[in-house]
Structures are given as structure tokens and as C-alpha cells.
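Among the features that TrEMBL reports, region 'Disordered' is placed at 1-20. As annotated by TrEMBL, transmembrane segment applies to 30-52, 72-91, 103-124, 144-167, 187-206. Per TrEMBL, the feature domain 'Heme-copper oxidase subunit III family profile' maps to 31-208.
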Amino acid sequence: MTTVDTPTGRGVRRGAVQAPEAPVGRTTGWWGMVLFIATESATFGAFVASYFYLRFVHGGPWPPKGDTLPDLVLPSIQTGILVLSTVPMAAAVRAARRGARGLLWLTMLVVALSGTAFVVLQGLDYVSEWPDSTISKDTYGSLFYTLTGLHGLHVMGGIGMIVVLLLSASVGRIGRRRPEPVGIVSLYWYFLAVVAVAVYCTVYISPYL
């Protein structure tokens, strides 16, 4: 038998049966993340719908008497930070595909710090709101802290994912040959940014309308 070159650059013996190339498609991890995002989207959608339903059923002023309108300064800053963090997240995906480990590590560090800043600012917002509105005071307080707190917990989970990616990138476990984990986590981070805008418009903007 003679050896011939294949389009992939690997030599095979003439007459030998060549194994078919594995089909290129989405990984199970990617589909798992998409399914998770779909279920969490339904959860947040239900909470947002409940917020507006209970608001209109209440019939009176919103927030109710005894509660103050939410402050917009800190929530606007933290929402802006999370939305803007999608830019370095997208850069991290491209860096992983190119195998640029240094850029990958730097961009993911920026994302992690942005998420941390979001959580810290949310905590400061709670401190400023707590004297006038608590989670057990009335329906408004319950909805306010449930929606924002649920999203905050999801952001903490996203930060944990980014930290795992940082550690993996440090030891070379993700990169050009294995960029999928970064792409999968990026889907979740984009989801967090979209939900942040939805929660911001629902909890902080709508009471002024």
C-alpha cells in the first residue's frame, strides 16, 4: 500500500478505510446551560409578572404608604456595571478561541471584579433602603427584596463560575484547544445582564411611572 495525503494533512494508506470525522456541533454543556437559562428566565418572568399583578391589585399608591420610592443612584450604577461587563466577557470568549491566555485571564478578571462590584453596591443599596422598607413589612418590601436578592444570588453564582475559569486558565486547562467552557459561561453572564435590566426597570423605574 502507498501513503497519500488527506485534506487534513495526515497521511493514510491507500485502500485503508478512513474513519469519518466527528460532527461539529454544540456540546452537552452548552445545551445544559441553555436549558438552565430557559428555566431561570421563566422563574424571573413569573416574579416580574407577580410584581405588576400585585401592584395593580393593590390599587393604592405604589410603593404603599410608609414606604419610600427607591433610590436610583446605586441601582443605576450597578446595573450599568453589569451590562458593560458583557464587553470583556465577549473579549474573553474570543481570547479563548485564539489561545491568548494572558488576555483571557485579564478579561475574565475584569468580569469577576465587575460582578463583585455589583454585589457590593447591591448590599449598600439594601442598607440605605432597610430603615424604610423591610422584606417582611408589606407586599412591596417582599417583592423588592425577593426580585433583587434572587438576581444577586445568581450574580454570585456567575462570579463563582468565572473564578473557576480563571483557575483553569492559569493551569492551561482552557484555551484554543478547549475554549467551550468560556463560551458556556458567557451565555450565563449575558443572561444576568439582561435580567439586571429587567429587574432595574421593574423594581426601580416602574414605581416612578
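In case you wondered, yes, glycine gets a Cβ from its N, Cα and C as well.
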### Query
Can you name the far-off residues of the same chain, 6+ from the ends of the transmembrane segment (187-206), with a Cβ under 8 Å from a Cβ of it?
30, 33-34, 36-37, 40-41, 44, 48, 51-52, 55, 70, 72, 75-76, 78-79, 82-83, 85-86, 89, 111, 118, 143-144, 147-148, 151, 154-155, 158, 161-162
### Among 30-52, 103-124, 144-167, stretch most in contact with the transmembrane segment (72-91) (C-beta, under 8 angstroms)
103-124
### Query
In terms of Cβ proximity under 8 Å, which residues at least six beyond the ends of the transmembrane segment (103-124) contact it?
74-75, 77-78, 81-82, 84-85, 88-89, 91-92, 95-96, 148, 152, 155-156, 158-159, 162-163, 165-166, 169-170, 174-175, 182, 189, 196
### Task
Using a Cβ cut-off of under 8 Å, list the residues of the same chain at least 6 residues beyond the transmembrane segment (144-167) that approach it.
40, 43-44, 47-48, 51, 70, 82, 105, 108-109, 111-112, 115-116, 118-119, 122, 125-126, 129, 133-135, 174, 181-182, 185, 188-189, 192, 195-196, 199, 202-203
### Query
Do you know the mean pLDDT across the domain 'Heme-copper oxidase subunit III family profile' (31-208)?
95
